[in-house]
Amino acid sequence: MAPACQILRWALALGLGLMFEVTHAFRSQDEFLSSLESYEIAFPTRVDHNGALLAFSPPPPRRQRRGTGATAESRLFYKVASPSTHFLLNLTRSSRLLAGHVSVEYWTREGLAWQRAARPHCLYAGHLQGQASTSHVAISTCGGLHGLIVADEEEYLIEPLHGGPKGSRSPEESGPHVVYKRSSLRHPHLDTACGVRDEKPWKGRPWWLRTLKPPPARPLGNETERGQPGLKRSVSRERYVETLVVADKMMVAYHGRRDVEQYVLAIMNIVAKLFQDSSLGSTVNILVTRLILLTEDQPTLEITHHAGKSLDSFCKWQKSIVNHSGHGNAIPENGVANHDTAVLITRYDICIYKNKPCGTLGLAPVGGMCERERSCSVNEDIGLATAFTIAHEIGHTFGMNHDGVGNSCGARGQDPAKLMAAHITMKTNPFVWSSCSRDYITSFLDSGLGLCLNNRPPRQDFVYPTVAPGQAYDADEQCRFQHGVKSRQCKYGEVCSELWCLSKSNRCITNSIPAAEGTLCQTHTIDKGWCYKRVCVPFGSRPEGVDGAWGPWTPWGDCSRTCGGGVSSSSRHCDSPRPTIGGKYCLGERRRHRSCNTDDCPPGSQDFREVQCSEFDSIPFRGKFYKWKTYRGGGVKACSLTCLAEGFNFYTERAAAVVDGTPCRPDTVDICVSGECKHVGCDRVLGSDLREDKCRVCGGDGSACETIEGVFSPASPGAGYEDVVWIPKGSVHIFIQDLNLSLSHLALKGDQESLLLEGLPGTPQPHRLPLAGTTFQLRQGPDQVQSLEALGPINASLIVMVLARTELPALRYRFNAPIARDSLPPYSWHYAPWTKCSAQCAGGSQVQAVECRNQLDSSAVAPHYCSAHSKLPKRQRACNTEPCPPDWVVGNWSLCSRSCDAGVRSRSVVCQRRVSAAEEKALDDSACPQPRPPVLEACHGPTCPPEWAALDWSECTPSCGPGLRHRVVLCKSADHRATLPPAHCSPAAKPPATMRCNLRRCPPARWVAGEWGECSAQCGVGQRQRSVRCTSHTGQASHECTEALRPPTTQQCEAKCDSPTPGDGPEECKDVNKVAYCPLVLKFQFCSRAYFRQMCCKTCHGH
């Protein structure tokens, strides 16, 4: 099996001759183009968000850097059309590529010559319009368009055509460009493979190969790293790789000072986008903090065809310039000049083992990230595809091996080889990471090797506008943009995923481009919506890319040990939902641990580290078999498995991490978890605060032992060994100090074994000396005073003896001796194990109760046996504080809409995440992975009884004044289909059949006068009469008329007399005798009336 070599011999089919140049394989762009199987010419045009040409307005008169062709806008749209392709690029400025205040440095042989601020304005990343989730674009707009377009499972590369026509163009036109597929590239080194073989001897290999590490022992899934000291392990957090980029003098000469800066940044722009892909399983930001362009050779930097020697020289050189540039030119200490990794881009055709050109493209140490002299790489410039080389090599510094080398990726039926493939073929997808790469970087960060990536450097931020182009241009107008002025929309189905338009030949066609965002749409669940990211959503809403959310915790795994304190683990994955459309990867704890099987192992059990070392006895090491035992010398990591070959004078690290639950050191109860030393309480529980007292009793009160200390002065110097003190069995915290600067000889005598220390100054420091069931450590302080210390307890009594040369005090001693069992109280308080966490997530609690135990057998007894005054306080701690995964929260069902027969009831259904015990956060429905529970359901009650049914009311009778309305009331069945006898319905519930009414007031009664009768006089004045009666509005007789308004019933009349006969005199004028009211007639001036004038002729005469 080939080791996970860091040499990248990617197939040169990645794209030769991109950007401003052609590679060493071709002398000109014409020669390069002739090598392609096919290519096309396109004229990229800057357009608006819907593909329409921009209105041209002349720029203001100002000086502009020649040839950039760039814009300062944060968002751009370009249309790239060729005979077989049609792309509408949606580009957004890459704000995360450059750290704040980054500068470009030009170095001569003497060091830094001059520097200026970097110009990030022409670096863009994005996607094809309407295809945010299925396409990728990384483009530099300086000097034309240079970059990659990934769409429809094909990679396209674009670069300006050299020597194109230079006629006048509008600012939106970019001139002729070459567009070709990566699959059309051909190169003689296509089958070049990794040049490292198994049979090469380990000794003598270059240092970057000696550091190779095996793949993770088991798939780590979605585990992430531990953080800096004090931070939790297995917690996913954002990482920031501050990157130094160096272009050698051949790069500067080839591309020219005018263009090399933007060319290099265009490459790094693609690198940054590759590390942003969610397939990496971690959030890693590539930031350029320093860009150095070498215009001359450097005195201490040797770059040649030999990749190994060039890498060695570059790694040392980049370390030397961290705080200085050139010969002592200081870089301001603002944090920007520091870097986590260094990238060299060279125009040399490099080769791994010889100083001649060959197919090697890159070289980097595996697992070198955050190590100052190993976090570096050399990369051959092959055009824009250099970005894949750099991303590949940085992957190696994260501990990634090649896909298929020491792992299953790339094998048949397994995850295909991807960005970390040893060489790229036409079937390889270099834009995503394989599951093996994800496991490698997770293991690397999980082991605490990425601490330097936790700090967040300053960066340049930009505000991006948000638009809804479909609101400005409806679907018909979008069709006219694509197919001419007579086109219009012709299919109205899933317009958000595919816009269908009438062609010039009046056929309904589509180019598979979705309608613009904001275009009106409708589905069976949305009456009025608009298109957003190829989906019809409620009008006005803008659902962004879905951020990842943690799924549920897996069940606790098996315990790592059967006794002595093991570890059980549980993990969760960022898949509820998975991050999509650029959504963020989950941050937070992804693996948790708990203690298990904490009881002591049986007496005589083999040391757990010894067991692990002995498992390698049957595995050959460099072709031979050895018996391995634990090595605990200086410089050994506490949680790595370092074993000594018994009988041989060498040791080696057999495993990067011991089995979980292994003690970190012999004199501590702390244990190793995932390669990191974790604190445990003396009860062997992770995270427990329970501590030993001075007697080494867990949770004790110090009453089980007494401290014995003193200073010994010899009685007869030189007379032989003298007894100093007797240390009883079970003593702990033993301390013996030599006060005579080793002018004494010390001995420890036991029942079965002894320890003699002579010539202490010559003993290697520190030294570990096993005796009486414990380990004594020989230490030497800064004042040269030596001491012998042991944690204990000792399993046999010891006598301290000394052979002194002077009468001066020779030894100081101190230890804690056990008190006789008879004098110990028989019962004492102890902490019980922690209870199970009260909640699975969002913050639960655990309680550690206190119980009274028998000191002799540790059995629990009734509380009254222990002293109430010494009772320990009950403990409580938080647990499972991480937020719960999104889930549906369902309310109670409402009452049925009907109390009998069939009805409907409803309830509230909300997608939310419980953040803590007192806080819940409502989320969009798409965040919940499970189907939404129903909001409505049918409900049924008892059969409804018959009921009264009333028909409509009749009109009010009479039409004015008080009246009545009438209606028909029937007894009906519950479904109103059958009419039943009235006895079937409740009489008390019967609605009324009549109702009083009063539409309006009736007209008042009025006087009605008849016709006048004939005059009573046949000649002269007389009277006539008529009838006057009071009638209602119905014509009936009434007594309600106003008397004052009653019309008269008589009237004076005058009949015409015949002519008088001769001799007849005039008739005498007199009052009628029967009338006595003539004076009143005169008084009230009624004489003008004919009647009164006739009746009172005399009285009225003359008036």
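Placement of Cβ uses the backbone N, Cα and C atoms for every residue, glycine included.
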Just choose from CYS501, CYS536 the cysteine that Swiss-Prot connects to CYS521 via a disulfide.
CYS536
Tell me, from CYS531, CYS596, CYS601, which cysteine Swiss-Prot puts in a disulphide with CYS559.
CYS596
Choosing among CYS315, CYS436, CYS452, which residue does Swiss-Prot name as bonded to CYS376 by a disulfide?
CYS315
Swiss-Prot pairs CYS586 with one of CYS574, CYS601 in a disulfide bond, so which one is it?
CYS574
Rounded to a whole angstrom, what is the C-alpha distance between CYS479 (disulfide bond) and CYS490 (disulfide bond)?
9
To the nearest Å, how far is the Cα of CYS409 (disulfide bond) from the Cα of GLU393 (active site)?
18
Taking Cα atoms as reference points, rank the disulfide-bonded residues CYS315, CYS351, CYS436, CYS508 by distance from CYS452 (disulfide bond) and give the first.
CYS315
So, by DSSP, how many helix, strand and coil residues make up the domain 'TSP type-1 1' (547-602)?
0 helix, 14 strand, 42 coil
Write out the long-range same-chain contacts of CYS376 (disulfide bond), meaning residues 6 or more apart in sequence whose Cβ is under 8 Å from its Cβ.
LEU311, PHE314, CYS315, GLN318, THR341, ALA342, VAL343, LEU344, ALA364, PRO365, GLY368, THR397
Long-range Cβ environment of CYS586 (disulfide bond), under 8 Å and at least 6 residues apart:
SER236, ASP547, GLY548, ALA549, TRP550, CYS574, PRO579
Could you pull out which residues elsewhere in the chain have a CB under 8 Å from any CB of the domain 'PLAC' (1065-1103), counting only those six or more residues past its ends?
1017, 1020-1023, 1050-1054
Average the pLDDT scores across the domain 'Peptidase M12B' (239-457) and report the rounded value.
82
Out of the recorded positions GLU393, CYS496, CYS521, CYS596, ASN892, give me the one sitting nearest to CYS508 (disulfide bond) by CA distance.
CYS496
